[in-house]
């Protein structure tokens with residue numbers, strides 16, 4: 001069966017990396033454990049940004065102890081170069097990288113960085129000053145290196161599986177923002193009237209983040225690789241010439257062996273180069289790049305510092321960040337409704353470009369509008385960000401072989417992170433004429 005490269009050419013019997021299945025068992029392997037896989041992907045997506053979102057969500061604490069350093073903007077800029085460079089290096093070498101070690105190293109670094117936030121605060125006794133702020137920036141850079149390991153690695157790995165895994169992973173990334181916002185509301189409200197309450201709430205929040213990152217390490221290391229559906233897709237990718245899944249298969253109890261089809265029909269395991277893949281999918285790469293330039297030029301810096309004072313007081317910024325995060329999460333589930341899922345390449349590009357009308361909309365709303373209009377605009381920013389992200393990342397890998405899907409997933413995440421970096425830099429343009 002030529003269409004399914006993990007199988008021999010004998011109808012009815014398939015030799016998959018030393019494991020034999022008949023047609024009935026193969027069909028079962030493609031679906032067995034799918035629900036658990038979707039849920040675990042959602043948790044792993046949460047872990048991909050839970051720690052760093054935590055740093056952004058306690059920005060009211062950092063703004064209080066570092067009032068002169070624009071922590072919301074500086075922390076984001078300290079994070080971005082490291083995630084971008086790390087992802088670029090892995091994208092260039094993706095065909096030879098051990099995906100399992102890459103992702104485990106990333107999740108471990110997420111855990112250690114979250115723990116570092118607590119240790120730094122304890123050592124500095126919650127004080128301000130340049131030294132603790134440099135420490136915070138170093139931790140943000142470590143989060144960036146961890147994200148460079150995980151986001152591209154997981155996206156590439158899941159791209160060679162079913163689209164629902166990609167959708168669930170990126171929904172989990174958005175959910176991390178929504179969950180961190182909800183937890184921050186709770187900790188702020190609970191400790192608001194207590195002595196040193198802002199600090200206590202931030203540290204409780206960081207402790208929760210630390211525990212969750214450790215959970216992600218355990219799930220990826222011991223649970224996810226043993227799901228039948230995951231073993232099936234990784235086995236198929238290995239038979240198509242992928243070298244990145246060997247360690248994952250071993251963790252799932254499958255010993256890979258050389259694919260006889262590679263010798264009998266070399267074209268079977270040939271794949272398009274990264275350059276060819278990028279040429280064929282330049283519109284998707286441009287889509288994801290522009291989506292995040294626009295989003296990060298507004299969120300979180302503009303929302304945290306340039307929207308004025310309103311009746312919600314110190315809660316206003318938290319409400320705006322929560323509005324974005326919840327709407328972003330909802331947007332990432334909308335593509336599950338086929339009637340509103342964008343699949344047209346031209347339609348996606350048009351929708352992405354039209355979002356830039358939000359820049360003048362935010363400018364005039366901040367200057368003349370009230371908080372209700374700002375919350376509505378922020379919600380639309382998040383909704384469109386989530387919806388378009390999933391549409392692009394779920395559609396692009398279709399029709400390619402496993403190794404090509406892995407490579408394309410890495411390439412698209414590189415453009416996504418490049419968009420985030422350019423957007424974070426562009427966010428400083430809002431400060432023109434404000435005396436800093």
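The backbone N, Cα and C atoms fix where each Cβ goes, glycine too.
Remember, TrEMBL labels are computer predictions, not curated facts.
From the options 5-26, 203-224, the stretch TrEMBL describes as transmembrane segment is 203-224.
Two recorded stretches are said to be in contact when at least 3 C-beta pairs lie under 8 angstroms, sequence spacing 6 or more; the transmembrane segment (129-146) and the transmembrane segment (158-183) fall short of this definition. Using the rule of three or more Cβ pairs under 8 Å, pairs at least 6 apart in sequence, the transmembrane segment (372-396) is not in contact with the transmembrane segment (203-224).
Only residues 6 or more beyond the boundaries of the transmembrane segment (36-54), in the same chain, are considered here, and those with a CB under 8 A from a CB of the stretch are 79, 107, 110, 113-114, 117, 140, 143-144, 146-147, 150-151, 154, 158, 161, 164-165, 168-177, 179-180, 205-206, 209-210, 212-213, 215-216, 219-220, 223-224, 227, 229-230, 325. The transmembrane segment (203-224) and the transmembrane segment (74-92) are not in contact, since fewer than 3 Cβ pairs between them lie under 8 Å (pairs 6 or more apart in sequence). Listed as Cβ neighbours of the transmembrane segment (315-335) (distance under 8 Å, sequence separation of 6 or more from its ends, same chain) are residues 53, 56-57, 59-60, 167, 170-171, 174-175, 177-178, 180-182, 184-185, 188, 299-300, 303-304, 307, 309, 341-342, 371, 374-375, 378-391, 394.
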